[in-house]
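Among the features that TrEMBL reports, active site, acyl-thioester intermediate is placed at A:C126. Annotated NAD(+) binding site per TrEMBL: A:S11, A:G12, A:N13, A:I14, A:S157, A:A158, A:G159, A:P160, A:G161, A:T162, A:R163, A:A164, A:N165, A:N267, in sequence order. The domain 'Semialdehyde dehydrogenase NAD-binding' feature in TrEMBL is assigned to A:5-118.
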Amino acid sequence: MGKMKAAIIGSGNIGTDLMYKLERSEWLELTAMVGIDPNSEGLERARQRGYATFSNGIQGLEENPNLADIVFDATSAKAHVKHNEVLQRMGKMVIDLTPAAIGPFLSPVVNMGQHMDARNVNMITCGGQATIPIVHAVNEVANVSYAEIVATISSKSAGPGTRANIDEFTITTRRGIEEVGGAARGKALIIMNPADPPFMMRDTVYCEVEHMDEARISAAIHAMVKRVQDYVPGYRLKQEPIFDGNRVTTFLEVEGAGDYFEPYAGNLDIMTAAAVRVGEDIARKGVHHS
Amino acid sequence: MIRKSDKPLQITEVSLRDGSHAVAHQFTESQIRSAVRALDEAGVHNIEVSHGDGLGGSTLQYGRSLIDEMKLIEAAVEESKQSRIAVLLLPGIGTVHELKQAHSLGASLVRVATHVTEADVSAQHLHMARELGMEAIGFLMMSHSAPVAKLVEQAKLMESYGAEAVYVTDSAGALLPHQVKERIEALRGSLSIEIGFHAHNNLSLAVANTLVAIEEGATRIDGSVRCLGAGAGNTQTEVLVAVLQKMGINTGIDLYRMMDLAEHIIGPMLHRPQEILTGSLVMGYAGVYSSFLLHAERAGKRFGIDSRDILVELGRRGIIGGQEDMILDVAAELAHKSKSEVL
């Protein structure tokens, strides 16, 4: 079976990083990048690498419907609503990296299998991608009554969109912790640290559990970290989980692959890596509707 | 003193919010009620009530509140006849939902707090506060850690989002008097809104720095009665009122009533005297966020290491407000290191 053709909408940081990751994919073949600014660095890089580029937005894809079966949207929540209408009409599979949350929330190592039929899936948030797998792993063996995550990212890696809508991060991540991670109740905190050299992405996951079993929980966390490392090699435990009464605390560090972003921006890397993994899973299962 | 602003001073009492750190977030409803009643009768302009880390701060990361802050805010509004009830909001911790809830309970003023370099995360909340008809104030935390030009740039951002005043917030209690002077002076020259100053007494400079700020034109001043705030606490409100009165600056606050409530109402709420012990002194010296004090002491005990080492290491790594999880992390790492050194 040949590779499935893919396009990226959004020529900003996320879109550009996605481009480099898709180049390495065994299952997806990047064909095009769509932007709205003909002078954007992302479009220029895509042009240089021989991809079709369009600076007239979604129209570019509408006029070239056979360029891609699967479309990654790395624009904004507002733009995504419009893009999705067009793409659904065209019968495309859509992977949404914006906070629009039209489709189901997806963490590739948690609930990929449940949404193979969805035509639009949402990648939650960077903090969600980093922490929900751990909440899920702990929940599987110990029932999580409350999970709280703290995502610390370097100021340099937080774009203006994230900054202007920081509540979207906390609220969407909390929903993800509950709906995908399985915690009865969730809470998300985000901190932007301006230290220079930049702070590597850190995530702390606090879980309060109903059935404390240190050995089982610890094994589940270690196993999950390995699974995430499959697509984010720089995802690791900073130290062994700390147990305290009915609480387990997991300290994670996420080092990016250094494709377009510097390695400290693990928050951006885990989003694009997870999105590519989702696209590959779809391609592997050959879910063609078009 | 010749003040460089002709606007009246407005004092905001923060013991019922910043003091939440010092009592590990264990305020009771009756404590809040009696404190607000007395502060209101004494004529304090604003009284801040929230979890120490602001709305939504009741977490494992920062410590859970004994009583839901919304209940405390509601109680404070009920008890207050003249004082306005203020809340604190740190974007990334609290959201506009909690702000709306606090507003619906009668809070009429919000301070939206960001790290001094991250003002642009406050746009959403400052805009919402204005839309709700609340007074919207920007709070630039850890103001000691950025160059003056950066502080000015960030304050102007907050002004552009609708802030009606911006605070120089010395979260680490690390600023020296001349640094307060240059910061307030620079803001006065660049902003058309009011300027505020929030001190921590870690270097015993809170009252002195506050006087410098007032002289340079700050008009929004924070204090905590009996220094009931994080670290060594804030500018001691009843002392500041007395000093200002001696200097001929009338705040409209009744000094004797302040003394009485300090003695009989806030005093009994203290878990320990708010003196400058080693922990607070180290924070002021090394420029570490004051709320880390109790967390670092607990982590030091747990891992059998000196909490001073933890605080200094946090300062060295540029850990900012809100990163309490790094305290455990750093403590575990230091403990591990000292163990392997012994071996």
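Cβ coordinates come from backbone N, Cα and C, glycine included.
TrEMBL labels come from automatic prediction, so no person has curated them.
Counting only the Cα atoms, the space from A:G161 (NAD(+) binding site) to A:C126 (active site, acyl-thioester intermediate) is about 13 angstrom. Cβ neighbours of A:S157 (NAD(+) binding site) (same chain, under 8 Å, six or more residues apart in sequence): A:P198, A:M201, A:F261, A:E262, A:Y264, A:A265, A:N267, A:L268. A:G159 (NAD(+) binding site) counts 12 other C-beta atoms within 10 Å of its own C-beta, drawing on all protein chains shown. Between the CA atoms of A:R163 (NAD(+) binding site) and A:C126 (active site, acyl-thioester intermediate) there is a gap of 14 Å. The two recorded residues A:C126 (active site, acyl-thioester intermediate) and A:G159 (NAD(+) binding site) have their Cα atoms spaced 12 Å from each other. If you draw a 10 Å sphere around the CB of A:R163 (NAD(+) binding site), it holds 20 other CB atoms from the protein chains shown. Here the binding-site residues are A:S11, A:N13, A:S157, A:G159, A:G161, and none sits under 8 angstroms from chain B, going by CB atoms.
Within the set A:S11, A:G12, A:N13, A:I14, A:S157, A:A158, A:G159, A:P160, A:G161, A:T162, A:R163, A:A164, A:N165, A:N267 that the record links to NAD(+), no two Cα atoms are more than 20 Å apart, and one pair reaches that distance. With DSSP states grouped into helix (H, G, I), strand (E, B) and coil, the domain 'Semialdehyde dehydrogenase NAD-binding' (A:5-118) comes out at 40 helix, 24 strand, 50 coil.
Mean per-residue pLDDT, taken over the domain 'Semialdehyde dehydrogenase NAD-binding' (A:5-118), amounts to 96. Of all the binding-site residues listed (A:S11, A:N13, A:N165), A:S11 sits in the most crowded Cβ setting, with the most other Cβ atoms within 10 Å.
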